[in-house]
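Asks: Would you mind keeping the following structure in view while I ask a few things?
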Amino acid sequence: MIRSIQAAQRLDSRGHPTVQVDLTTDKGTFRATVPSGASTGANEAIELRDKDSSAYGGKGVGKAVSNIELVIGPALVQSGLKVDTHQKMIDCFLNNLDGTHNKSKLGANAILGVSMACARAGAAHLDIPLYEFLRRESGAKKPFVMPVPFFNVLNGGVHSGNKMAFQETMIAPVGASSFTEAVQMGSEVYQQLKKVIVKKFGPSATGVGHEGGFAPPISQPHEALDLLVEAVSLAGYTGRIKFAIDPASSEFFRNGNYDIGFKDDKPNLQSPKQLAELYRSLLQNYPIVLLEDPFAETDWDSWIEFNKNCPIELVGDDLLVTNTKYVQEANDKRACNSMLLKINQIGTISEAIEAANLAYSFDWSVFVSHRSGETTDDFIADLVVGLRAGHIKPGAPCRGERVVKDNRLMEIEAEILAREECIYAGSQFRVASKY
Ligand code: PGA
Ligand code: ZN
């Protein structure tokens, strides 16, 4: 039984306020803290901000906190719903209480915090780990599959102060034999990358962006990839580490064209066709295995065209916003072949699982992701294992709010291996759900 729900305004990794929930049952108190994005999709569930410029520049979440304490908490306690068996009913109850299609009344940040805390409490009541609770909720098969971490080691776009238009350039240790080894490989490359950056640009260029990746004074995608080729080679992992790019292109879509100079002094407009050619040449010249949001969330035609002949994983983030409505539309239109899963884009755990299962039903991949505004909550580590999604975006192997996910995943891997079979997704990360 849920006894009480408390909430508080706390800070995220960027120093902006976010929602923290403490849910108390007869088994104890269970905490969840909510992430927040910077390059958000237009159709994401609504994150409630106070818009009172006298506090936190308008970014306070006091209303969301009081919605939990005054509306959601009392209603959920009164409902008699049980955390161990009623996660879907709880999430449905929260949706009905809000009553809007995008959680704009109570706030997706308020609702998600409660949904996450309920899942944690549910696992504790059943005396099982959170990843096993989420596996049962999702219906995923066993054995457990550990994900490939796609470490975002070079930050650009709206996540950094350099002139790089593309938001994320990632390394994926697909050639590791376990998640724990993948972390070691990622960490070693990250440290080599730092040395390469110092050598090329000096020590002042080693500052990091929102997700812990470096943000040296580069502007072109090939410059980023060349840095990675060198760092991977110095670490001795050539061939065992692949690359991925998330340009987050909705951020630089301007009247039908893409301004890849949007952070530079002068615009550098590319037509969708030219941008597609740029991607194709990068795919030819570098070991890239995944491309996310190469086109803007409204530019469906370019997605559809690119997906006609796409040899790699093509992930919809802003395009799909973890929402079954857009996942269905994208499958109908053959616009992509993978869904990025961000829990706060949709606002409840059950709906995020439902979106993942719909994506799987189309033989798509599912890529679980953090946000640029993170917290030390490690929920998504359990989620990626519970969903058997095979890959995760945890940020760089650096900074507390990022590495807490890696550390939890190493702990999960050791815990499962001590008891039963556990596979590392490796080069099969796209089809992990089908093992
Ligand atoms: P965001 O960035 O959390 O700022 O939206 C992450 C992404 O675009 O994948
Ligand atoms: Zn993205």
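Just so you know, glycine gets a Cβ as well, placed from its N, Cα and C.
A TrEMBL annotation is a machine prediction, not a hand-curated record.
Copying in the features that TrEMBL gives for the protein in this structure:
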- E211: active site, proton donor (ACT_SITE)
- K342: active site, proton acceptor (ACT_SITE)
- H159, E168, E292, D317, S369, H370, R371, S372, K393: substrate binding site (BINDING)
- D246, E292, D317: Mg(2+) binding site (BINDING)
- 2-134: domain 'Enolase N-terminal' (DOMAIN)
- 143-432: domain 'Enolase C-terminal TIM barrel' (DOMAIN)
- 1-20: region 'Disordered' (REGION)
Asks: May I ask which residues of the same chain, at least 6 positions away in sequence, place their Cβ under 8 angstroms from the Cβ of S369 (substrate binding site)?
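Replies: D317, L340, L341, K342, I380, I392, K393 - these are the non-local Cβ neighbours of S369 (substrate binding site), listed in sequence order.
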Asks: Does DSSP give D317 (Mg(2+) binding site) helix, strand or coil?
Replies: coil
Asks: Near ligand 2, meaning Cβ under 6 Å from any of its atoms: which of the binding-site residues D317, R371, K393 fit that description?
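Replies: Going through D317, R371, K393 in sequence order, those close to ligand 2 turn out to be D317.
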Asks: So which of the recorded positions E211, D317, K342 sit close to ligand 1, that is, with a CB under 6 Å from an atom of it?
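Replies: Cβ < 6 Å from ligand 1, in sequence order: D317.
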Asks: Fill in the CA-CA distance, R371 (substrate binding site) to the residue listed as 'active site, proton donor', as an integer in Å.
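Replies: Cα to Cα, R371 (substrate binding site) and the residue listed as 'active site, proton donor' are separated by 8 Å.
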Asks: Among all protein chains shown, how many Cβ atoms are found within 10 Å of the Cβ of R371 (substrate binding site), not counting that one?
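Replies: Other Cβ atoms found within 10 Å: 27.
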Asks: By CA-CA distance, flag whichever of H159, E211, E292 among the recorded positions is nearest to D246 (Mg(2+) binding site).
Replies: E292
